[in-house]
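TrEMBL lists 1-11 with the feature compositional bias 'Basic residues'. Sequence annotations record features per position, and here TrEMBL assigns region 'Disordered' to 1-63. Residues or ranges marked as repeat 'WD' in TrEMBL: 137-178, 190-231, 232-273, 274-315, 315-355.
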């Protein structure tokens, strides 16, 4: 990585006059910085990371803690975090006397979550939804290829082979904003995509939306208004996977060019590229650690990329092309392949903890049966609930066993068409399926009776005891 991304540390013992002088200079140069920001090209390429000088973006809040030591900063942040937890629990706790116990429980869950050991047992409480309760949102002209749910569960963003992006209101089902797709050859004048959109991601604070297309482009949008902000170039083939690192604005991207790239959206900057897969990358996911996981298509590998160490772990288990992958927690993940199999993995073991073959059944004439491809998987983070989709007119819900060593089917939900994308809401109260008449990556089959759109599937829970959690060791 070039020196462009290395910030020099100042002398902690700078005298007050020097600090005051620095603040005056910063204030005087405020206007020039604004002008510089407009002049900077909004399109950043991974091949030109050292073109411009680094821009100092220190805020007034940072200036206040200029002389703060590392230890003092840790202590201050810890106090702020405890105050935040206490404030949250005061709103929900009925009995003020149990405040300390509640905060201790929250802290313990936070630790287990970071270690990838948290497994809330919620799947067994889900009730089979009534088909009449399913809602279909229609607006895309061609098959839906990807979707995300906003962190507050109020909005859904979807994209399609028609190159458009739609922002939906979950409660009413109305379209709030639409970014129309453009025709091929209009890239220079059209604001938006002009090729099939294959993937999208939203930052954990709901600020940024990222989309990637068949035309090698990544576009960054303001999630609130769907205003276009940046365009990232550098991949040499279709962009097939995007994920923001939780709690940051670091963006990971995967492509059919077999590479992984890291971007800093706040700085509109390319960071680095990593290689390893032997075939096109079909899926990518990440959580809060500085790492991401990928599915390598026909190289039949799942890989865990350690960004800081610039290293990777390679996992084998599927017999077909691995088309989708999702992290369940920091230590476990689920993947699906075109051989019809689902696999549960631990980052500590090179082989699957559990494999379900022909998870969605088979189709074809007797003696020539072929398994239904697994086209989408999703997981409710830090729980035992996962879901998978195919083109057998069903979305299947599953329950992970203790330690993620088994996978039991719970129930299926009727959804006609190719399930190209699946996402749980963050609360676990609903599941969204992006459906189309065709597979998101090709046109091998066409299901004429399918409707291109989004299905919102409500997930109601039976009245039961407070949800339990399990820790899992390997």
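Yeah, the Cβs are placed from backbone N, Cα and C, and that goes for glycine too.
Looking only at the repeat 'WD' (274-315), the predicted model's pLDDT averages out at 95. Residue counts for the repeat 'WD' (315-355) under DSSP, split into helix (H, G, I), strand (E, B) and coil, are 0 helix, 21 strand, 20 coil. With helix defined as DSSP H, G or I and strand as E or B, the repeat 'WD' (190-231) counts 0 helix, 22 strand, 20 coil. For the repeat 'WD' (137-178), DSSP puts the residue distribution at 0 helix, 22 strand, 20 coil.
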